[in-house]
Amino acid sequence: MKVLFNGRLMERSECAVDIEDRGYQFGDGVYEVIRIYNGILFTLDEHIARLYKSAAEIGIDLSFSEAELKSQLKELVDINQRRDGGLYLQVTRGKAPRKHQYGAGLTPQVTAYTFPIQKPEKEQQNGVSAITADDMRWLRCDIKSLNLLYNVMIKQKAQEASAFEAILIRDGLVTEGTSSNVYVAKQNVIYTHPVTTLILNGITRMKVLQLCEENGLNYEEKAVTKDELLNADEVFITSTTAEVIPVTSIDGQTIGSGAPGPLTKNVQTALQNSILSETAKTV
């Protein structure tokens, strides 16, 4: 399998990261995960724009253009003949002697590779369970940082509880999942946390809200309480790899009817239609 390493395509076995790379020692970097459908990188423009924004927020200057990077990623997908799956893209600040502060002139290290994804069809159709947990992450969740330690810890707790996701609560309000955005439906209105530094503005989130507007589905960007979450008619989550998944129980409590609801199904259908439309190759 070929990987992209600092602008070059090479075998994965040939790729070597320096032990003093700041991404390795500090998690000093940013990343994106992009879904591949029909050999096409879905919402590529939005992912790359967010990568550059995240990099700028932490002071990483990318010397290459967005167009150059997109071209390299498309070539990577083609050379690996990856028709369906995902692409992981990471940028670190670069290598330097280990100390917290960083000097000028570091060269960012860019890596990318493709991987298979098994579409969570059963979960999308039947729904999943979730737990809640205190949101104790740092206050710049809008940056897609490599620092995911708390997310990892809480996601592991969810797995140990036989749950698919953990929904995070800060000051009594629902923020997001450990690796997803969260939506609460009540009386035919879909609520989701507004775009602030407390959540990552997910690419699938952006697409879903666009599709809600186009399909006449009512939504409001408003934080809801934990009680409102537990007493919702419907709850669902979105992410690049999960797409749209209904949540039918939280902390052992049944949500709504205990089955995927009509609003969730409408959002699922709208997203699938958008994916098919945007990744259809013309002859």
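Sequential numbering from 1, following the chain as shown.
A Cβ is built for glycine as well, from the same backbone N, Cα and C atoms used for every other residue.
Pulled from Swiss-Prot:
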BINDING   Y31, R98, H100  substrate binding site
BINDING   R50, E176  pyridoxal 5'-phosphate binding site
ACT_SITE  K144  active site, proton acceptor
MOD_RES   K144  N6-(pyridoxal phosphate)lysine
Query raised in the report: By CA distance, which of the recorded positions (Y31, R98, H100, K144) lies nearest to E176 (pyridoxal 5'-phosphate binding site)?
Result: K144
Report task. Identify, in sequence order, the residues in the chain of R50 (pyridoxal 5'-phosphate binding site) that are 6 or more apart from it along the sequence and have a CB within less than 8 Å of its CB; answer 'none' if there are none. Result -> E32, K144, N201, I203
Report summary line: the residue listed as 'active site, proton acceptor', Cβ-centred 10 Å count of other Cβ atoms over all protein chains shown, is 22
Query raised in the report: Just checking, which of R98, E176 (binding-site residues) has the fewest C-beta atoms within 10 Å of its C-beta?
Result: R98
Query - Sparsest Cβ surroundings (other CB atoms within 10 Å) among the binding-site residues Y31, H100 - result: H100
